[in-house]
């Protein structure tokens, strides 16, 4: 059965290579040397930051099990991470806008390094502190870096369309290639070298420290609205007003929450889904395969964005496909008889689910640069980090509720719930496209009216 893993990995690698090598002139955009230097610096830092995150992914659930915690205990640890992201994320996002995005990025590195160190302790309380620190770091990772990039890109006067290039490359490398290498490297350290499941967390701390050094030495500072007259509560009100008064921003936040909530729930569920009877599965290799699928998605997204296809249009298809793939465990549970044998290799149902999960990860690869593109269009600069962390409140609440009830529902029910949310995201994406087109047509009519000469 090990051959199955290699076949899936090889097939994905061949498709990604074919897409990248087969890019035509339509898929490439001419840019300036100054922009390329700026882009490469950001991608290097982003890749180091993501390597610090991805190295932890394959073994966090396994490490907690090794310490003797059951699924309920582990669920509460995950809740602590998502809960702290929900409670503190908006605060740190607002501080990033006011005190500086560069400082926020450095804070991310420090919090995550400390979180990695806590993994050496088998004490539940220490691990809980680590999850809280990790939750704060996650909020900064998915708001401060992007906010810094957009502001710095605009400050340097680069073409706004070039942002899509940076987004696509960052996801292709940081969420793709780096993640694959991180998964394989984590597997190498923990299993092949015999250092155990804590080793990937130590390696993550090293990469984060290197990235922090580059930020300190080469990045400039930028802000949202740093005026002294606006305190934290005022910034919250500005962000809340922007969301309430602009349907496009509210829809974007709902879409992001529904998709990312399902995605983070999947992160918790894929291990027990593929090994319901404690089947022996190569966690690191499967994780690397998922990241290769994500890499495929980001490669597809770069082509779509380079050809200036409407993001609001093709994302409806992406969300619909995602909904189907996460419904697959429900289907296989009824159609494929489950194995009663403890241990052993992955079952036929597990193989089918693995193919579906790879398809879902490809959709994730398309999602990231596409949602970044839409956020750069719709979210106002003065409260960008604050609004982006506002978006994370419902998704973190959703994941916390799911994880708190992880033992109350069968895993198929949880996958079915995620599938429903993804289908809802597709419907809301359709509404966003309609509202966006209506806004553009109204604006065009107003400009035409202003340009018309007055009748005598």
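A Cβ is built for glycine as well, from the same backbone N, Cα and C atoms used for every other residue.
The feature transmembrane segment is assigned by TrEMBL to 6-22, 43-62, 74-96, 128-150, 170-189, 201-220, 284-305, 317-335, 347-368, 411-428.
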How about the transmembrane segment (317-335) and the transmembrane segment (284-305): at least 3 CB pairs under 8 Å, pairs 6 or more apart in sequence, or not? no
Segment-segment contact (the transmembrane segment (6-22); the transmembrane segment (128-150)) at 3 or more Cβ pairs under 8 Å: no
Quickly jot the same-chain residues contacting the transmembrane segment (128-150) by Cβ under 8 Å, restricted to those at least six beyond its ends, or write none. 42, 45-46, 49, 53, 77-78, 80-86, 88-89, 92-93, 96-97, 101-102, 104-105, 107-108, 111-112, 114-119, 163, 166, 219, 222, 224, 372, 375-376, 381, 384-385, 388-389, 392, 396
Should anything in the same chain at least six residues away from the transmembrane segment (347-368) have a Cβ under 8 Å from its Cβ atoms, list it; otherwise answer none. 4, 8, 12, 167, 171-172, 175-176, 259, 263, 266, 270, 273-277, 279, 281, 286, 289-291, 293-301, 304, 314-315, 318-319, 321-322, 325-326, 328-329, 332-333, 336, 338-339
Under 8 Å for C-beta pairs, could you tell me which stretch among 43-62, 170-189, 284-305, 411-428 has the largest tally with the transmembrane segment (201-220)? 43-62
For the transmembrane segment (170-189), find every same-chain residue at least 6 residues outside the stretch whose CB is under 8 Å from a CB in it, and list them. 42-43, 46-47, 49-51, 54-55, 57-59, 195, 199-200, 203, 282-285, 287-288, 290-292, 294-295, 298-299, 301-302, 364-365, 368-369, 372
